[in-house]
Amino acid sequence: MPIQSHLIFDFNMGPQAFVLCKCLIDNFTIHDGHVAIRGSTLDSVLFRVGVIAALRSKKLDGLAVGVMVTASHNPEQDNGVKVVDPRGEMLEGSWEAHATNLANAPTTDDFLAVLDTLIRTTKIDISKPARVVYARDTRPSGVALVAALEDGLSAIGAEGRNAGVTTTPILHYLVKAINTKNTPESYGDDSEEGYFQKLGTAFQNLVAGRPPLEALLIDCANGVGALAASTLTEYLDGSLSLILENASISTPGALNFACGADYVKTMQRLPPSLADRLKPGQRACSLDGDADRLMYYYLDERGIFHMLDGDKIAALVAAFIVDLVKSAGLENEVKVGVVQTAYANGASTKYLAGRLPVKCVATGVKHLHHAAEHFNIGVYFEANGHGTVLFSPSTQSKLALYQPSTPAQSTALKHLINLTQLINQTVGDALSDILLVEVVLAHKSYTGIEWDSLYVDLPNRLVKVVVNNRNAFRTENAERRLLSPPGLQSKIDELVRRYDGGRSFVRPSGTEDVVRVYAEAVVRSQADELAFRVAGLVYDAAGGDPSKRPKEFL
Ligand code: 16G
Ligand code: ZN
């Protein structure tokens with residue numbers, strides 16, 4: 001039987017996500033380094049995901065659970081699935097393991113046995129109702145996967161709601177909106193229209209009276225973001241012009257190909273398709289295939305590419321929110337903090353740490369999201385462009401009840417309240433983040449150039465090392481130091497000391513069977529050299545064959 005598709009699991013995209021992929025590698029086929037699954041198996045996995053989502057809903061008394069069929073920034077032939085918890089956030093940690101076991105049970109009998117154990121151990125009342133809302137991105141393989149998911153939902157008697165072809169963040173929004181409907185915490189109308197209305201109105205309130213910004217060019221990665229961005233335009237009522245590029249959602253193979261946020265971040269260059277579209281100084285940005293990542297950039301007068309990544313977005317947004325909190329007279333009551341990972345550029349950390357508390361956590365949105373919940377207002381962004389801002393429930397009530405004593409305080413307060421509406425607080429959302437960035441630029445009268453000059457990025461380099469067993473690499477201190485293999489960290493430390501402004505860390509990937517090496521230094525050539533030398537140390541420590549050592553590893 002031919003291999004029809006690649007399937008990537010992302011129940012909660014933390015280290016656990018790989019557990020599932022690993023099992024799939026063990027159970028099924030590996031093809032070009034991807035987890036490849038035959039069509040029939042793939043259908044059965046989606047069927048099982050339907051059952052898992054329904055059980056999660058039953059466990060929570062029928063609250064709606066979300067399922068998103070997407071492989072995000074990965075190539076079009078890949079596909080995957082994410083489960084969204086009722087608050088609109090990622091699936092709770094303990095359920096990742098359940099999902100892993102269920103999806104990987106080798107036979108139907110095994111599957112039923114695992115199911116039975118799960119129902120008993122987590123005390124699920126199977127007679128409870130189950131509601132699941134699901135959507136897919138524009139990948140052609142999504143149609144069959146959704147059908148298989150629907151079969152799983154009917155098998156367990158769950159009520160399904162098909163949200164059609166939409167972005168991952170819109171699906172997260174819908175889950176939260178459904179579950180908060182007719183409550184004091186209502187998140188908005190539980191429809192796509194409700195989402196666009198909420199964002200569009202908040203944006204217009206926030207930019208009212210500001211001179212309009214020049215049009216923004218958006219690279220839609222030839223994905224579902226093109227549909228959503230086009231609808232968003234209707235709700236902005238002329239307050240911001242969007243020029244949509246790479247919007248070919250039906251061209252085979254175009255999705256994420258030589259475009260999109262991941263291409264821009266990893267290649268550190270303009271998508272070739274935009275080369276004759278972008279004028280010097282004009283702002284542009286790229287979404288990824290499911291529109292939950294965002295990269296901004298511009299070309300300077302000499303045509304040189306400048307990237308404004310997740311770190312630059314965090315710096316822009318956090319400084320703006322801190323100023324608003326101060327102007328509202330709330331600086332003693334509302335504490336703003338930022339969450340980053342070790343990948344954050346050292347210059348961004350320095351810039352932010354001079355202004356507000358900064359916390360570093362392990363890679364993966366769930367770690368950032370949870371850490372951000374500990375601040376009154378928590379700003380989190382990964383350098384790769386995934387991020388959002390969380391306003392704690394008590395902060396939202398404080399804002400609602402606060403009595404400003406001057407007109408300036410009142411204006412700042414209104415802006416803060418509108419920001420709570422503009423920002424998709426369930427998950428990183430490229431469209432909502434675009435509007436947030438544009439609000440700050442409009443308020444500060446910044447072009448991309450001024451935004452970029454908040455701080456100068458340290459040159460950095462990311463390298464992959466293929467090893468036999470990446471589980472031999474264990475980290476501590478938010479992945480900034482290695483615990484094992486023994487002795488490797490001290491060798492890295494010794495090397496790093498020889499580089500001006502040097503910093504480097506090594507971590508096993510959670511999504512690929514490789515070890516990643518990050519390095520930065522004051523000078524570009526030094527950052528490259530440091531990265532390759534550390535990669536060489538990793539290669540040796542992993543027992544790589546010296547005759548096959550990649551030559552760039554020195
Ligand atoms: C996933 C994560 C992302 C993380 C990346 C790291 C989510 C939704 N996405 O894409 O946050 O940066 O994995 O991949 O959690 P790595 O472990 O292979 O470096
Ligand atoms: Zn994505």
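Numbering starts at 1 and runs along the chain as displayed.
Cβ coordinates come from backbone N, Cα and C, glycine included.
TrEMBL annotations: computationally assigned, not manually curated.
Annotation source TrEMBL lists active site, phosphoserine intermediate at SER72.
Annotated Mg(2+) binding site per TrEMBL: SER72, ASP288, ASP290, ASP292, in sequence order. Mapped onto three states, the DSSP output places ASP292 (Mg(2+) binding site) in coil.
The substrate binding site feature in TrEMBL is assigned to GLU382, ALA383, ASN384, ARG507, PRO508, SER509, GLY510, THR511, ARG516. In three-state terms derived from DSSP, PRO508 (substrate binding site) belongs to an extended strand segment.
What TrEMBL lists as domain 'Alpha-D-phosphohexomutase alpha/beta/alpha' is 61-99 (among others). Confidence for the domain 'Alpha-D-phosphohexomutase alpha/beta/alpha' (61-99), expressed as mean pLDDT, is 92.
Feature annotation from TrEMBL assigns domain 'Alpha-D-phosphohexomutase alpha/beta/alpha' to 125-181 (among others).
Sequence annotations record features per position, and here TrEMBL assigns domain 'Phosphoacetylglucosamine mutase AMG1' to 209-294 (among others).
Residues annotated as domain 'Phosphoacetylglucosamine mutase AMG1' in TrEMBL: 309-446 (among others). Mapped onto DSSP helix, strand and coil, the domain 'Phosphoacetylglucosamine mutase AMG1' (309-446) counts 74 helix, 20 strand, 44 coil.
What TrEMBL records for 484-535 is domain 'Alpha-D-phosphohexomutase C-terminal'.
ASP290 (Mg(2+) binding site) is 25 Å away from PRO508 (substrate binding site) when you measure Cα to Cα.
The maximal spread of the substrate binding site, taken as the longest Cα to Cα distance among GLU382, ALA383, ASN384, ARG507, PRO508, SER509, GLY510, THR511, ARG516, is 18 Å. As a quick check, the domain 'Phosphoacetylglucosamine mutase AMG1' (209-294) and the domain 'Alpha-D-phosphohexomutase alpha/beta/alpha' (61-99) clear the bar of 3 or more Cβ pairs under 8 A, pairs 6 or more apart, so the two touch. Note: the Mg(2+) site is recorded as SER72, ASP288, ASP290, ASP292; in the same chain, THR70, HIS73, ASP137, THR167, THR168, GLY223, ALA261, LEU287, GLY289, ALA291, ARG293, ALA430 also have Cβ atoms within 8 Å of that site's Cβ centroid. With a cut-off of under 6 Å between the Cβ and any atom of ligand 1, the binding-site residues ASP288, ASP292, GLU382, PRO508, GLY510 reduce to GLU382, GLY510.
Long-range neighbours of GLU382 (substrate binding site) (same chain, six or more residues apart, CB within less than 8 Å of its CB): GLY310, GLN340, THR341, TYR343, THR363, VAL365, LEU368. Checking the binding-site residues ASP288, GLU382, ASN384, PRO508, GLY510, ARG516 against ligand 2, the ones with a C-beta less than 6 Å from an atom of that molecule are ASP288. With DSSP states grouped into helix (H, G, I), strand (E, B) and coil, the domain 'Alpha-D-phosphohexomutase alpha/beta/alpha' (125-181) comes out at 28 helix, 13 strand, 16 coil.
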